[in-house]
Every structure is written in C-alpha cells, then in structure tokens.
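So the structure is just underneath, and the comments pick up after that.
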Amino acid sequence: MASIKIECVAKENCKIGESPVWDAKENSLLYVDITGRKVCKWSSLTQQVQAIPVDAPVSSLALRKSGDYVITLGTRFASLKWKDQVVTTIAHVDKDKPNNRFNDGKVDPAGRYFAGTMAEEIRPAVLERHQGSLYTLHADHSVVKHFDRVDISNGLDWSLDHKTFFYIDSLSYSVDAFDYDLQTGKIGNRRSMYKLEKEESIPDGMCIDTEGKLWVACYDGGRVIRLDPETGKRLQTVKLPVDKTTSCCFGGKDYSEMYVTSASEGMDKDWLSRQPQAGGVFKITGLGVKGIPPYPFAG
C-alpha cells in the first residue's frame, strides 16, 4: 500500500462545507458552504479559493452539460453562471414547508439531478424529523418526488453498472441500496446495505470508486470509510484531523486524489482551538484507488 497523505488545501473555515465536485476543465474543486451561503472554487493550479455569495443556504452543486453549474439553493433547483455570478431558479419544491431546505444532491449517469430536503437544523443534527423528501430534476426541468418522511437527505451515488442507487438518510445511521432503472430514473426495493458503528457516528456525503466500492464521510466521526456494497463490510477507515467530515469526492488529473469537506458550525472556542482546520477542505493521496468523473446535468 502506498502511504496515505492528508493535507488541508482550502483553509478558509466553512461553517458547513459540502458537496465537493471536481471540474476537470477548470482543474478545480467546487464545493459549497451551506450556512455560509457561498459557492466556492479551489484551483489546483493557483491553490486559491474564489467564492460567490448566494441568497439562501446552498447545499449541493453539479456540473452542467451546457457549461457552468446547477445548485440546490434553499428549496430551489437553480443554475449558476460563474463568471456573471448570476443565479436563476429552475424549479421550486416543498413550497408548503417554509422551514425546509435542500441538502445533498448529485447527478445520475443519465444526467438527472437527484437531491433531497430536510428541516432547518436547530443545532447540528438536531431538527424536526420526517420533514424531507427525495427529488429528481429531469433535463426538461420537470421534478419527480420519490418519497418523503426523510430526516436528513444526504449522500447518494450509483453502482458502476447503474443498476443500484445508494442513498443515505443520516439519522437512520444506514447506507441504503435501491434497484435503479436508468431509462426512467425510478427507484425501488429499498434495503440497508451497511449500518454505521457507534464510533463512525453519522453518515453524510458519499462517492464511489472505480472498483465499485463506496466511500462515506462520517460527520462527528472524523473519518471516511470504504464499504463493499456486495458484502456490506467495511474495508478501510481513513481518519482526518477534524471531527465534522461532511462529504468526499475523487478529483485531480486522473481522479486518484480524494477531496473531503468539513464543517465548523456548532463547535465552541475550545473545540476549534484543538481543531483549527475545522471547516477546511482536505486532499487525501496514496489511497491506491481512483474515482470516476462526475456526471453533468443534461438540462
């Protein structure tokens, strides 16, 4: 095994850093700060971070086939033109739930944008339960609701053969699998694939590698874990120097680097003094596996 190296590349302390996505055209990592209300871009060439402020909690981001990005903002799917810093609403969900916001989201292999909602937190991981739903934004901008009664809609990804959809509702402490129909985007036959151990704490963001194994960031667990969806077994644990690890993705020239976002919200002065990098973005090298490029939204 190559030796694993972890470094903090974006040191601006996000309140809740989330949704890292590698943009190969820009040699950059995009990510959001949910309650900090900004979309960030870290350049691997200049090592600098640019940020665009937005008018609501921004919880996920995806590449767009036609260029630029799509984001989930408050309870809206929206487009983001980076150079002009212009945000345009595409669709609105949960209109009957003014206390809700989107959380994590990702684009499927056919170019549909999946994202789920949750109630606003009173404090980290404390909120009114069963208020969220899972949605898909299709290329024609129509929206489909898959199910409701979600606590904290979180990490999501698809198996390499596109026949399984993996999904996390954080407070279930479970990584779930669904049968997936790529033609229609329909999901069914939900089952638990992995239950988190106590020290792993809360499952958050997730990504898949080229061997079909899942990586899950553990919020309050200070780690990412590698899971085998076939056996439901944990294969590897990589610990980070911060507790509130939120999400992960692969990036870099050949997608052999892992990027992990983190949060600082809810930490007192003493805790922050022990973990000054809380809210930073970390790069992990030497894992010996690669990821796959993110799919762009087709609409």
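Yeah, the Cβs are placed from backbone N, Cα and C, and that goes for glycine too.
Quick look at what TrEMBL annotates:
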type     : residues               : note
DOMAIN   : 16-264                 : domain 'SMP-30/Gluconolactonase/LRE-like region'
BINDING  : GLU18, ASN154, ASP204  : divalent metal cation binding site
BINDING  : ARG101, ASN103, GLU121 : substrate binding site
ACT_SITE : ASP204                 : active site, proton donor/acceptor
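Cβ proximity to the substrate site centre (mean Cβ of ARG101, ASN103, GLU121, cutoff 8 Å) flags the following additional same-chain residues: ILE34, PRO57, SER59, ASN100, PHE102, THR117, MET118, ALA119, GLU120, LEU127, ILE152. Considering only the binding-site residues ARG101, ASN103, GLU121, GLU18 (divalent metal cation binding site) has ASN103 as its nearest partner by CA-CA distance.
By the criterion of other Cβ atoms within 10 Å of the residue's own Cβ, the least surrounded of the binding-site residues GLU18, ARG101, ASN154 is ARG101. For the binding site of substrate, formed by ARG101, ASN103, GLU121 according to the record, the largest Cα to Cα distance is 11 Å, rounded to a whole number. Ranked by CA distance from ASP204 (divalent metal cation binding site), the binding-site residues ARG101, ASN103, GLU121 have ASN103 at the top as the closest. Long-range neighbours of GLU121 (substrate binding site) (same chain, six or more residues apart, CB within less than 8 Å of its CB): LEU127. The two recorded residues, ARG101 (substrate binding site) and ASN154 (divalent metal cation binding site), show a Cα separation of 12 Å. Every protein chain shown contributes to the tally, and the Cβ of ASN103 (substrate binding site) ends up with 27 other Cβ atoms within 10 Å.
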